Amino acid sequence: MNPSDIVWHPATVDRSARESNLGQRGVVVWFTGLSGCGKSTVANELDSQLLQLGRATTLLDGDNIRHGLCAPPPALREEHGEAFAERFGLGFASIDREENIRRIGNVAALMASAGLITLTAFVSPYRKDRDRVRKIVEEAGKTGDFIEVFVDTPLDICEARDPKGLYKKARSGEIKNFTGISDPYEAPRNPEIRLDGGKATTPADQAAEVLQKLVEWKVFATS
Ligand SMILES: Nc1ncnc2c1ncn2[C@@H]1O[C@H](COP(=O)(O)OS(=O)(=O)O)[C@@H](OP(=O)(O)O)[C@H]1O
Ligand SMILES: Nc1ncnc2c1ncn2[C@@H]1O[C@H](COP(=O)(O)OP(=O)(O)O)[C@@H](O)[C@H]1O
């Protein structure tokens, strides 16, 4: 197949019309960090705070997306067969994570193009993968549309929390390629926002810190 046979069709209703209808800019707020660092909790809290302010949002959470769009091979086998499951199912090898983030990065960019404040919560451990999403989102919109939020909670705190018992399994070798234990986490060098999970702050305060930046950066105005 020749890629040039697939031709972009310009939309009749453009992004700026959608954004002005909603009274906000479409952006991607990309939470990244170790398992258990607080990504989902803070992103959900931010989602609630934004809803209270009447903002149009959506939230894409790694755990949930891996139940559908990025399901693992065993979840696809019965419905689609072995070959399909092996080809399209995703685990946690670096190439699988790359495809996970590529798929979800494109989905997030589409949602931001629809004018939504798009919150995402993925471990997304590789800098290159996150930087690719930044590029996709900014090419679909403009510089400033991708807001990387590093939830910087030390590994020992994440491991002590271990809400799903995954660190315990990773330590015993039952789970392979576990981020922070047997797989790398490449911390962002210049995130737009860094939340210090090493100090005693509530998820509500952390979410409020992000919210304040969104207002400061004129994603929307508060009345
Ligand atoms: N090997 C390994 N490494 C990291 N995480 C693992 C692994 N196996 C399962 N889990 C669970 O899957 C959640 C991470 O999924 P993501 O899609 O966010 O991962 S990634 O961005 O593709 O790296 C992650 O969710 P969170 O704990 O919410 O971060 C874990 O619950
Ligand atoms: N700021 C915080 N202070 C204390 N505990 C927190 C904080 N943020 C999250 N938690 C707790 O840490 C655990 C892991 O949070 P979660 O949002 O599931 O992390 P992640 O999505 O990064 O895996 C949960 O039990 C949650 O209640």
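Each residue's number is its place along the chain shown, starting with 1.
Glycine too: its Cβ is placed from the backbone N, Cα and C atoms.
Since this is a predicted model, take the numbers as computed values, not measurements.
Under the heading active site, phosphoserine intermediate, TrEMBL lists S124. Within the same chain, the residues at least 6 positions away from S124 (active site, phosphoserine intermediate) whose Cβ sits under 8 Å from its Cβ are W30, T32, R97, I101, R130, V133, listed in sequence order. In the three-state DSSP scheme, S124 (active site, phosphoserine intermediate) is classed as coil.
Here TrEMBL flags G33, L34, S35, G36, C37, G38, K39, S40 as ATP binding site. When other Cβ atoms within 10 Å of the Cβ of G33 (ATP binding site) are tallied across all protein chains shown, the result is 29.
What TrEMBL records for 25-196 is domain 'APS kinase'. Mean model confidence for the domain 'APS kinase' (25-196) is a pLDDT of 98.
Remote same-chain partners of the transmembrane segment (107-126), defined as residues 6 or more beyond its termini with a Cβ less than 8 Å from a stretch Cβ, comprise 15, 18-19, 21-22, 24-35, 39-40, 43, 46-47, 50, 55-62, 65, 69, 94, 97-98, 100-101, 133, 136-137, 140-141, 145, 179, 183-186, 214, 219-220. Per TrEMBL, transmembrane segment is recorded for 107-126.
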